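Q: Dumping what TrEMBL says about this protein:
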type: TRANSMEM; residues: 41-62; note: transmembrane segment
type: DOMAIN; residues: 45-451; note: domain 'Oligosaccharyl transferase STT3 N-terminal'
type: TRANSMEM; residues: 102-119; note: transmembrane segment
type: TRANSMEM; residues: 125-147; note: transmembrane segment
type: TRANSMEM; residues: 159-176; note: transmembrane segment
type: TRANSMEM; residues: 188-205; note: transmembrane segment
type: TRANSMEM; residues: 210-227; note: transmembrane segment
type: TRANSMEM; residues: 233-251; note: transmembrane segment
type: TRANSMEM; residues: 292-310; note: transmembrane segment
type: TRANSMEM; residues: 356-377; note: transmembrane segment
type: TRANSMEM; residues: 382-400; note: transmembrane segment
type: TRANSMEM; residues: 406-426; note: transmembrane segment
type: TRANSMEM; residues: 438-455; note: transmembrane segment
type: DOMAIN; residues: 476-604; note: domain 'STT3/PglB/AglB core'
Amino acid sequence: MGKEKQEEAHNSQKDNQFPSTCLDSCFIQKSLKISLFFKPLFLWHFIFICVFCCAYFLFHYWDYLLFLKDSENFFNHSLILTSYDSYFYAKGAKEFLESLNVAVPYLSILAGVFAKIFGLDNVLVWSSVAFSVSFGIVLYGICFFALEYFEILTSKSNQIFAFLGAFLGAFAPHFYQRTGAGYFDTDMLLLSLPLFAIFCLWLYIIKQKFHWLALFGFLGFLSVNWHNGIQNILLAGFLLYLGYEGLFFCVKRYFKTPILEISSVFLIVLAPSNLGILFLVFALLMIKTRKMMIFCFLIACVYAYFFGLFNPLIAQIKAYLFGEIQYSSAYIYASVVDSILETSSHGFETLVQRSGGWLLFVLGLIGFLCFGFYFVLKRHNFIYLCIFLFPFLLLGFASLELGVRFSLFLAPILAFGVVLFFAGILDIMRRFLKTSMVVFAGYVALFLATLEYSIPKPILTNQEIESLQSFCFLKDDIVFSWWDYGYALEYFTKAEVLLDGGLHSGSINYPIAEILMNKSPILARNFSLILAQKMQNTPKNQWKLLFEQIIQENKSNPSIFLDSLQKKDYNIGDLPKGEVYWVLPKRIMPLVANIHSFRNVNLQNGKRLRESVFVYGDMPLKSAEEYFVFSDFYIKRSQDGIPLVKVFWEGRKIVMDFEYLKSNLVQWLIFRNNPAMNLVFENDFVVVYQVRK
């Protein structure tokens, strides 16, 4: 019995040790000096990372050269950003620069800081490339230290495999195409921050050094505040960790890791609150002194309870799985998530293609799942790294239902899995080391040579931006438009815009969609003025409740209220300051059916009200008969008897039913029929109406 305990203690001590060539000689020793940098191990780290960074920047610069071929991609000699979301964060960066407003996303603050040095335009265009390279560096570190932990190969071989693994991850299409020039979005650090945090946590479990836990705490806090979706990944990893530790305790009657310390930090990091950093520092100080750990854990539990540990997870489940977002007990609105192309379900072939092809996909899965289990049997504490990475794998496969944007999270798993695959093969067949390394290097070269991807193009043209700036909105003016277009309006003009995609709120989409898709121009005028007046007297962070507040003030329900707005003698009350405008870009026309979906909902139960037909383009429709009214406008009847209207507009064919034909949006944009507003601006790209007071 005593011999078994000694053997178990010896194995546990072995699991908690890296070989001396790894952390002890690289990062942990307190006597580390600058001269150590010139030792071969550090020098080769530096060389590999520099080569990777140069290659990464060079590939993105080649893509940027494609934009240079078309002057429409540039405005004021700067690349137009490649997503509408980019202008949401760009507007925040501009606010930070102008007033040091810190109530903006972390990405906006980061851009504002660097804009002081490099200029805002340069930062908006190139920060995605500059910061996303950190993903490859973090992945390099994870691969290298995992291989060092296995003690299979030499440090030089581990560096080569880590270098190639970083290439596979950073150049996978689902990551690479979301981090190019002009793609100013949180994706640039969406993987780097949580992966680095998880890496530090694993090192804490292995080495039991406090500074790794502190690093995990601060990086985890930064990750969750960088993008609240990261909270769900870390929470899933935490729950898996608790499950494994609970199972281990049931078998061995003791905890393998310092579960109170880790749980305390996790609970604080995962609960979203501005006070989180203070509680985190307090908890770390108590852990450092190793006093009252039970008390520290209880404080963390109370903190997590009061600040809603599971609230973000519940919100994500409602949004992505149940397709409805309810912001009050009164009404249920159409889901914004359901209307985003990147959150639409897709096929398995698409997932494989975005992952870099079948070979990378299969080898990565075999490596992470099969050889990951193989290495867990050899070095037991490797299981903790696998546990915390496993939610990335789950979320990557969930992209089949949740949308292609989530396939991004497969990038580190597949790249790390390929490294584990070749490392496992080498452990089994050590005499083929050089051959296997050549094969791996050749595979990476083949992967890059056959890589297929498409980089996002600028979402606006030079002439569209000039159109926005040619009409001078004043400070007190209110502008209404549709969803994502609000980003560009706020960035390039001084106007206040109600609707933008950053709010992701069906409660805001509903009144805008009601105005655009209703057939009453009187309702459009009255409702626009009421919303504008309410916007000017309500804090911006409460705009998602505007519609419900208006209903409550009128002591009515939505149906009765909307009917009353169609009366010419409706008493609006106080008029808004400044002017009220509707900005309708012509590119909005393909989105008409999408806009209608936000209005076509019963607010009491969330069910769709009616079926309707709108087809933009050349999609074939079966029809029983048709008869012309005149050359470019005729009516035909579908097989189920619904009369459809066919219109040729701007060189495109549009087929719609009469509900769409009579809608304000179609009348304003196609026929310029808007008796309640004044047409004040029009060109080939945009139409602007001024609401009559």
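Backbone N, Cα and C atoms are what each Cβ position is placed from, and that goes for glycine too.
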Q: Please check if the transmembrane segment (233-251) comes into contact with the transmembrane segment (382-400), where contact means 3 or more CB pairs closer than 8 Å and the residues in each pair are separated by 6 or more positions.
A: yes
Q: For the domain 'STT3/PglB/AglB core' (476-604), give the DSSP counts of helix residues, strand residues and coil residues.
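A: Taking each residue of the domain 'STT3/PglB/AglB core' (476-604) in turn, the totals are 74 helix, 12 strand, 43 coil.
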Q: Should the transmembrane segment (188-205) and the transmembrane segment (41-62) be scored as in contact, given a threshold of at least 3 Cβ pairs under 8 Å and pairs 6 or more apart?
A: no
Q: Should anything in the same chain at least six residues away from the transmembrane segment (356-377) have a Cβ under 8 Å from its Cβ atoms, list it; otherwise answer none.
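A: 146, 150, 168, 171-173, 383, 386, 389, 393, 410, 413-424, 427, 443, 447, 450-451.
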Q: Is the transmembrane segment (210-227) packed against any residues at least 6 beyond its ends, judged by a Cβ distance under 8 Å, and which are they?
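A: Non-local partners: 106-107, 186, 189-190, 193-194, 196-198, 200-201, 203-204, 234, 261-262, 265-266, 268-270, 272, 276-277, 280, 283-284, 287-288.
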